[in-house]
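Here's what TrEMBL has on this protein:
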DOMAIN    54-321  domain 'G-protein coupled receptors family 1 profile'
TRANSMEM  42-63  transmembrane segment
TRANSMEM  75-101  transmembrane segment
TRANSMEM  121-142  transmembrane segment
TRANSMEM  163-186  transmembrane segment
TRANSMEM  206-239  transmembrane segment
TRANSMEM  260-283  transmembrane segment
TRANSMEM  303-324  transmembrane segment
Amino acid sequence: MGWGDTELPNVSLAARPDTCFGVVNLSTSLNETQKKAIASPWFSTAFGLIGLCSNLFALYVLLSSSRKLTSRSRSSFLVFLCGLVVTDFMGLLVTASVIIPYHFIKFNWAEVDPGCHLCNFLGFSMVFFGQCPLLLGATMAGERFFGINHPFSRSTSISKRRAWSIVGMVWGFSCVLGLLPVLGLGRYTLQYPGSWCFLTLLPDTGNAVFCLLFALLGIFSVLLSFIFNTVSVVTLCRVYHDRESVQRRRDSEVEMMVQLVGIMIIATICWMPLLIFIIQTILQQLPAGERARTLPTETQKLLLIYIRMVTWNQILDPWVYILFRRAVLQRVHPGLRARPSLLSLYPVLNPSLRRKLAQEARLQ
């Protein structure tokens with residue numbers, strides 16, 4: 001998602017405040033240097049292809065790894081990762097299918113989409129494929145939190161079917177969120193410089209509620225991931241420094257946590273500036289109320305910059321899994337070798353349960 005790079009559409013669109021074309025000042029001009037830097041269709045095409053190929057490669061590696069695993073805990077984690085990669089891939093594919101043709105054809109939005117259906121679809125895609133990775137990151141962090149800190153509170157790990165069901169629920173929730181403007185809460189509008197649609201940062205009630213809902217939900221997901229991952233990392237650090245269990249480390253947990261922390265860091269860097277900017281913009285404009293009809297030029301330009309930052313999230317996510325796998329980490333640090341599980345932390349266990357956990361650790 002996030003492809004705000006192209007030339008300006010017909011300036012007359014700004015005279016239609018009652019549609020998706022009249023919120024931003026599309027008459028703001030770009031100099032020749034800026035046009036060559038950001039409006040080149042070849043640059044956008046190459047940028048999109050890099051993201052698509054990265055996610056396809058990560059998906060191939062994930063599917064190859066899942067076929068070799070019999071551990072349910074690791075398999076469920078790979079299901080969540082697979083859902084994340086598929087979401088990022090589809091997000092790039094769907095938005096590119098609208099934006100890249102526009103770069104080459106230079107169609108007039110008002111003529112091609114007078115009813116704003118294409119704009120609503122693109123805006124929905126931006127929200128849906130933007131919120132999904134944040135929610136999936138929080139879901140993965142929560143699953144690992146309970147798996148590491150309460151490993152014996154349940155007899156078995158999440159099955160693949162249940163993991164896919166959770167991924168489906170995240171997709172469904174994000175879909176409902178993205179449909180809210182179509183159903184009347186806020187609206188999607190064409191954004192500066194006229195090549196993409198997104199939520200409207202105006203202080204009227206509907207737009208303000210939807211913008212705050214989107215931003216606060218994203219921030220909550222990032223903070224929840226941070227809390228879960230921090231506690232999980234602290235637990236693993238205690239295991240590593242425990243004198244009695246230093247030789248009984250479970251490297252699969254470490255591998256998953258490294259990947260989760262990487263995903264969280266990327267999401268924080270790419271998303272938090274945009275989410276904070278949305279909240280700040282809405283709160284600063286609230287005194288204006290219904291009087292505000294268009295966004296200030298500076299706000300439009302800043303929104304474009306933050307959206308471009310968000311785009312990198314979908315490109316960098318797959319490389320977290322590609323680069324931070326045990327097979328790769330062991331080449332960098334040969335001391336990382338598979339060891340028995342964390343059973344030494346829990347000396348009093350049912351014998352049958354201990355045998356089951358020990359067998360699972362050997363399979364990993």
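Note: Cβ is positioned from N, Cα and C throughout, glycine not excepted.
Automatic, uncurated: that is what TrEMBL annotation is.
Because the structure is a prediction, the values reported are computed rather than measured.
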Proximity verdict for the transmembrane segment (42-63) and the transmembrane segment (260-283), three or more C-beta pairs under 8 Å = no
Request  = Residue list, the transmembrane segment (303-324) vs rest of chain: Cβ under 8 Å, 6 or more residues beyond ends.
outcome  = 1-5, 47, 50-51, 54-55, 57-59, 61-62, 81, 84-85, 88, 91-92, 129-130, 133, 191-193, 196, 198, 201, 255, 258-259, 262-263, 266-267, 269-271, 273-274, 277, 295
Message = Do any residues, 6 or more residues outside the transmembrane segment (121-142), come within under 8 Å Cβ-to-Cβ of it, and if so which ones?
response = 1-2, 77, 80-81, 83-84, 87-88, 90-91, 94-95, 98-99, 166-167, 170-171, 173-175, 177-179, 181-182, 188-189, 196-199, 214, 217-218, 221-222, 224-225, 228-229, 232, 260, 263-264, 267, 271, 310, 313-314, 317
